[in-house]
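Visitor: My questions will all concern the structure given below.
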Amino acid sequence: MDLCSSTGRGACLSPASTSRPCPAPVHLRGRRLAFSPAQPAGRRHLPVLSSAAVPAPLPNGGNDESFAQKLANFPNAFWKFLRPHTIRGTILGTTAVTAKVLMENPGCIDWALLPKALLGLVALLCGNGYIVGINQIYDVDIDVVNKPFLPVASGELSPALAWGLCLSLAAAGAGIVAANFGNLITSLYTFGLFLGTVYSVPPLRLKQYAVPAFMIIATVRGFLLNFGVYSATRAALGLPFEWSPAVSFITVFVTLFATVIAITKDLPDVEGDQANNISTFATRMGVRNVALLAIGLLMANYLGAIALALTYSTAFNVPLMAGAHAILAATLALRTLKLHAASYSREAVASFYRWIWNLFYAEYALLPFL
């Protein structure tokens with residue numbers, strides 16, 4: 001049996017008088033274990049354990065600190081979960097359509113209706129959050145490749161928490177609409193939630209088919225939002241429903257614009273979509289061809305707006321409608337040259353997609369004054 005000696009340089013002595021280095025102290029569950037010094041010759045003792053002072057472990061293995069950190073990070077993760085660019089589009093679209101109705105009927109303005117209008121906006125944001133959230137839950141394997149910054153793909157939000165948020169948003173939105181806006185708007189709202197569900201959720205999961213996918217996005221973002229907000233606003237003001245030229249224009253324009261968004265959003269995601277057998281226009285036709293198709297559709301949208309203003313000069317603010325869309329068309333042409341110069345790289349098409357949303361916002365900013 002080897003005995004550790006405290007003399008010399010910590011050698012261990014054996015009966016054969018050979019020496020070797022002492023074993024390093026052992027650590028066990030935060031405690032440092034060391035052998036006690038040997039006693040004088042002739043007396044032999046078993047090793048005893050001594051404890052050295054070490055920092056106490058965090059309660060619950062550090063889980064309290066982890067929970068506190070997750071709690072502090074939740075607002076940022078939740079904001080990313082809501083997809084801010086879609087939130088901005090919903091807010092701007094709702095505000096613009098409502099403002100247009102009020103500007104056309106200034107005598108009907110009643111500030112007592114403002115709380116109801118804000119409730120309607122909250123309901124739309126809840127529906128928006130549900131649709132983009134459910135998509136992240138079922139797209140997590142794709143987003144790990146295409147969009148690793150999203151909170152479900154990055155692990156900032158667990159699937160269980162994401163589910164809880166989605167169901168809460170859907171229930172809150174549907175409850176607000178049912179309690180405040182009547183059967184027609186409630187039906188339109190639940191239909192929008194249904195389309196958002198079948199877009200992402202198996203067994204239908206229509207996003208894997210190019211044509212149904214863009215039709216759903218165009219319907220929800222283009223028709224349902226504009227028609228629903230316009231109808232609800234006129235009903236709240238006590239006005240019968242009738243299409244105005246400007247709102248008819250924006251509904252058609254944004255529906256086509258939403259089609260452009262639907263096919264360009266997949267341009268940076270070709271790698272992940274191909275790996276998960278998702279069929280998009282980009283995977284079938286190629287990034288360059290789809291980008292040029294989207295640009296062509298958007299350019300046709302602008303040229304159509306200019307032609308409409310010149311043809312129906314009494315229905316629109318011609319200088320603004322024709323002039324603004326001519327400027328936006330020229331801006332699109334310049335941006336197309338930049339995209340072409342970048343050879344339609346993944347970074348370039350991702351930047352182009354983000355930039356297209358600025359054109360979308362600009363259209364709604366123009367609406368009240370057309």
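Note that Cβ sites are derived from N, Cα and C of the backbone, with glycine treated the same way.
Here Swiss-Prot flags 1-21 as region 'Disordered'. Residues or ranges marked as transit peptide by Swiss-Prot: 1-50. Taken from Swiss-Prot, the feature transmembrane segment covers 117-137, 159-179, 184-204, 209-229, 243-263, 290-310, 314-334, and the record attributes it to sequence analysis.
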Visitor: Which stretch from 117-137, 159-179, 184-204, 209-229 shares the most C-beta pairs under 8 Å with the transmembrane segment (243-263)?
Guide: 209-229
Visitor: Sequence-remote contacts (6 or more beyond its ends) of the transmembrane segment (159-179), Cβ cut-off under 8 Å?
Guide: 78, 81, 119-120, 122-127, 129-130, 133-134, 136-137, 140, 151-152, 185-186, 189-190, 193
